[in-house]
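Asker: Pulled these from TrEMBL:
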- His205: active site, proton acceptor (ACT_SITE)
- Cys213, Cys216, Cys237, Cys240: Zn(2+) binding site (BINDING)
- 75-344: domain 'Deacetylase sirtuin-type' (DOMAIN)
Amino acid sequence: MISLLILPRCCTINVKSKGRILTGKGLSRLHYVHRKISSRFVCVQKLDLNGNGYSGVLGCQKSFQRGISGGGHGGRKQSMTLDDIAKGIREKEYKRIVVIAGAGISTPSGIPDFRSPGSGLYDNLQKYNLPYAEAIFAINYFHHNPKPFFALAKELYPGNYRPCLTHYFIRLLHDKGQLLRMYTQNIDGLERMAGIPDKKLVEAHGTFATATCTLCRRKYQGEDLHNDIMEGTVPHCSYCKGIIKPDIVFFGEELPQQFFLYLTDFPMADLLIVMGTSLEVEPFASLSGAVRSSVSRLLINRELVGPFAWGSSRQSDVAELGDVVSGVRKLADALGWMPELEALMADDRQKASKKREE
Ligand SMILES: [Zn+2]
């Protein structure tokens with residue numbers, strides 16, 4: 001599996017490559033994690049547009065983790081349960097909950113695993129002769145040929161999919177006044193669709209809700225591009241004729257400013273919920289270690305990931321392993337929130353079908 005790793009600028013890292021050790025500035029901020037070797041070492045691979053690249057072993061994963069966290073707590077046994085977490089939420093002991101989520105919360109909505117080579121979506125893109133699969137999200141390639149990206153945009157465009165129970169659960173946390181912020185890696189817009197407001201949402205990898213002209217930087221609303229994208233044409237700026245790109249974060253682009261809210265959010269959080277993510281993408285992965293050491297962390301995921309797997313778990317950590325929707329349902333059951341959740345979902349479904357009729 002290959003995933004994106006974004007290295008914080010401040011850290012010094014070493015990559016051993018063909019016997020050479022590249023340090024600090026010798027590295028680009030963008031590498032693809034090729035595979036994880038151990039908790040401290042990952043094999044990275046860097047590719048350029050011509051498909052050239054190198055791979056090497058990246059050590060000191062921990063040192064850049066410390067860049068935003070503060071270190072782990074040495075593999076202690078769990079002493080809390082899902083019911084304890086539910087009690088804390090129900091009794092409003094937790095009032096500043098931070099949620100980190102990844103692709104795993106959207107697969108039940110039918111969102112294809114579009115970042116993985118070999119998935120159906122990439123196969124569909126073969127006619128565009130991409131030099132390598134991830135080129136679709138490479139900004140240099142986009143300037144060269146934007147068509148494959150817009151073909152993907154058409155598939156993923158908000159409206160084709162509906163939020164699932166997990167998205168509505170987070171919306172309900174907000175309705176109850178207990179959500180400090182949700183940090184999502186997803187670009188499907190399902191969080192917004194579930195009614196989580198803008199100010200509560202950090203879409204770390206960007207959004208289709210807004211767009212920017214690549215030439216004059218003029219701002220557009222996502223719906224301004226709707227007709228072009230649905231018709232399969234590349235949208236052009238009405239002022240300068242430049243290509244308008246949805247505000248999705250490409251490889252080689254900075255994360256949105258909003259992401260840096262984590263600097264104030266995480267020290268304030270009183271509960272962290274991590275769901276549906278492999279926690280392999282930096283700097284997302286390090287966020288899970290950025291809450292205070294006394295704060296409980298709940299993982300709802302298929303497997304142990306990040307600090308839950310690295311042996312740096314804390315006594316107050318809880319892992320609910322298995323299908324994400326089932327895990328969320330279990331938590332909602334323990335909270336007694338299922339009737340409310342179902343009503344919320346039914347209401348939204350009704351609104352959506354009314355909108356379609358109009
Ligand atoms: Zn323009």
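Cβ from N, Cα, C; glycine included.
Surface or core, plus neighbours and distances: that's what I need for these features.
Answerer: In the three-state DSSP reading, His205 (active site, proton acceptor) counts as coil. Within the same chain, residues at least six positions away from His205 (active site, proton acceptor) with a Cβ under 8 Å of its Cβ are Thr184, Gln185, Asn186, Ile187, Ile248, Val249, Leu255.
Close to Cys216 (Zn(2+) binding site) in the fold, though at least 6 residues off in sequence, lie Cys237, Tyr239, Cys240, Gly242, each with a CB less than 8 Å from its CB.
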Asker: So which of His205, Cys216, Cys237, listed as recorded positions, have a Cβ under 6 Å from an atom of ligand 1?
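Answerer: Within range of ligand 1: Cys216, Cys237.
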Asker: With a 10 Å radius around each C-beta, find which of these binding-site residues (Cys213, Cys237, Cys240) has the fewest other C-beta atoms nearby.
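Answerer: Ranked by other Cβ atoms within 10 Å, the binding-site residues Cys213, Cys237, Cys240 bottom out at Cys240.
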Asker: Neighbourhood of the Zn(2+) site (Cys213, Cys216, Cys237, Cys240): other residues with Cβ within 8 Å of the Cβ centroid, in order?
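Answerer: Output for this site, in sequence order: Thr214, Leu215, Arg217, Arg218, Ser238, Tyr239, Lys241, Gly242, Ile244.
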